[in-house]
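Q: Following this message is one structure expressed as structure tokens.
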């Protein structure tokens, strides 16, 4: 090091170096001002369009002259620029860039292919035309730059998460050719890193002073106006970074990454272009840096690129073969980790892994979900069943209350399955390669001493962008520098292999990974939640009926292609910013259209399968009553009449089968169960009684009593009211659509605005009901019909709400005459317990939680279950069961939840445990109504059942055609243990089964899993909450 004296003033020395590299201060004489040399203008022309045109069509449009300073827009439009350039001959031998700065996101097209994204926000403002211009290179070129009128993070008006500004205009601020000085860039990287070391290690560190002294000497030596001084300065930096650390250094595995939300503050169609912008840039970086590895998730995005940018897709496949482009995740999209059903989660992997295998030759080894809002306790089992034992995320670093105690650990799921989990300790998936981030990765690591390896994801994310060459340059400098951890450009596989070597020292976390934030996403955009639940049910039913039709009809063609398309739409909507409701209005509208596509195409598939199912059966033309659930059901059903009206009938349908609809002459004159009695008292209250439960409603519609008749046990707390609607103020700290804060509970106000007296609806017999109106506020109202059917163990609340609020939260509460320290909540393929008290911060941080179809509060021998058909937010505090109904956030969608809503919830008191009482079956029944489908020909006059299960603890969840079997007449059955018990059971079938074998969730045959068929029965063994899948090869039916 040169021995130039300087005063011992740390701050002035530090800031001197800062100014020497500043892009703002003293650029007329500092090093940053020499990054670019000579420049020349380009010739511009443009055209503006509201459409997202393909390149071939765009370049055929009429372009008009344009210039720097031009404005274009508005939001979501696209401006195409034709850039005609001539490189000066005197630049031969130099590196030449197109310098481009504009608002919005840009994509450079060269020779008809996308070659690089350009965004100011993503620090990509130049495109390398030539790394070293040769005399033989063409100097006249025409490029096209496609500029999307939105930023990396959308176009929020005044705030990132505000609704988009539809009038926002965009401007081109720079377009020119310039000579790029790579040696200046290299020195700038060196000096920035030296400053980072000096600051990061602090004034107590010898190495910090060495870094600062080195940087200061470089400034002394380097004259920006004299490039011949650069090598001496560079030598000082090389000496510093070449001083290596010891063997105990922590190793950071740096992986290129570009998190692109499949939709969020921009619509789905813009995401397609974000992928092209980001991944074309990554391809260029992989070409220039053979040690650079880029991890990429989400099969849906790759499928979009394959369809719309086939040349780019081919390049990605090429780099995948080289090991530089690494598909990760294994799922169709990075889905929400809470709301999708267990079967939908399986399909995320089934569709994703099959796509990766088809397009890249292998399946993913790591589950990759860095940005979702919590992680179901069933994910470890689902992952393992899909060939994955490694999981990477970091979202729990966002916890608002408790700091999660691990960064590398084993996660044990509901059934006992274990996977290795890593949270990158830098608590980000968008690192930029700074010294500060590298140091935080070590100092913040909560598993120091247990493992000496950490992951480090670098690249701009959320809205795309990805890594830059500068990030790579920084990380390469830090590969092995004394005082810092060792940094190696690595892959997810290399990281987890290193972690597995240290796995004997790791701790285990059991149960769900609950994010203590974003609890509002269980409720926001209720219509999206309803669409999700309904479409999961539709696809389930279509698959069941189509499978049965395949088994019974030689002519029936299973609609595999149509079902794959509909499933992929549903899986797309389960992206973690869509089904959660944390998206802009454009996205919500697209998602609702996708749900409508599933309904409109799914219902005809149901009818076609039903027609094929009963083809050739004797009997009169009429209706077929179909049960798609694996237990016998006796229920009241509204059957259509020829005149268009409906009549009620009590029908019994066997497990996964059908029964003929009763004709008017066949209706029983006497009911096998006690009929429903309805009585209105003089005080206006109404009592409904079916001999199983007795319901009493006060004149406002509140529940004053709910009695289990056989025992006389009252379920409603003494002096309290059930079915009490309550309104809360709902103003979070920032994340409007995402968060409901703990303090909202302090603002509870019962809804007391009665709009009409309680009236009797249906007067009894097969069904009794009462209805009422409620004025929630001057702008919002509610109507509800309370329904009790003969033989039904629960009372239903059919609810319609006209909701026009701002930052309010509507819930319904049921105070129970029950005491228990924990409540039970249904999750995917099972259930779990959460506390009803606030003993610890981990307990009270769960003030708002999620569940699927039911929650239950039980004490010894008695309990109360709250069922629903489309809600997810819930809580049980003390003895009060609460269901979250509607929110009213204003960002990023100002219209979220406004308008009309319909939903149903139900209340079921029960003797004994919820398992013994059949709560799980009841919740399924509420969500999967019996189907009354017209038989186009003669309807069968006898009942028929395809499958049944001997144990009520085992649920036959799915019946579908196998995806990849060579024999098309192969079915997949998926069953799970629902009670939390070890069970041996028999699966009965009437189908012509030729062979039965166990398989994994990806439908790959278990070589040791052959099952013997005995009298049309298969014996199966389950451990608690275990999910098992079978392949059934069918015999061909007679023609």
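Cβ coordinates come from backbone N, Cα and C, glycine included.
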Q: Of the residues 371, 689, 698, only one is listed by Swiss-Prot in the Co(2+) site with 259, 261, 576. Which is it?
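A: Answer per Swiss-Prot: 371.
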Q: Among the binding-site residues listed here, 261, 371, whose Cβ has the fewest other Cβ atoms inside 10 Å?
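A: So among 261, 371, the binding-site residues given, the one with the fewest Cβ atoms within 10 Å is 371.
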Q: Centre the Cβ atoms of 259, 261, 371, 576, go out 8 Å, and tell me which other residues of that chain have a Cβ in range of the Co(2+) site.
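A: Checked against the 8 Å cutoff, the neighbours are 260, 262, 264, 334, 370, 372, 461, 462, 575, 577.
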Q: For residue 576 (Co(2+) binding site), list the number of other Cβ atoms lying within 10 Å of its Cβ atom.
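A: The answer is 28.
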Q: For residue 259 (Co(2+) binding site), what residues in its own chain, 6 or more apart in sequence, show a Cβ-Cβ distance under 8 Å?
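A: The answer is 370, 371, 429, 430, 459, 461, 462, 464.
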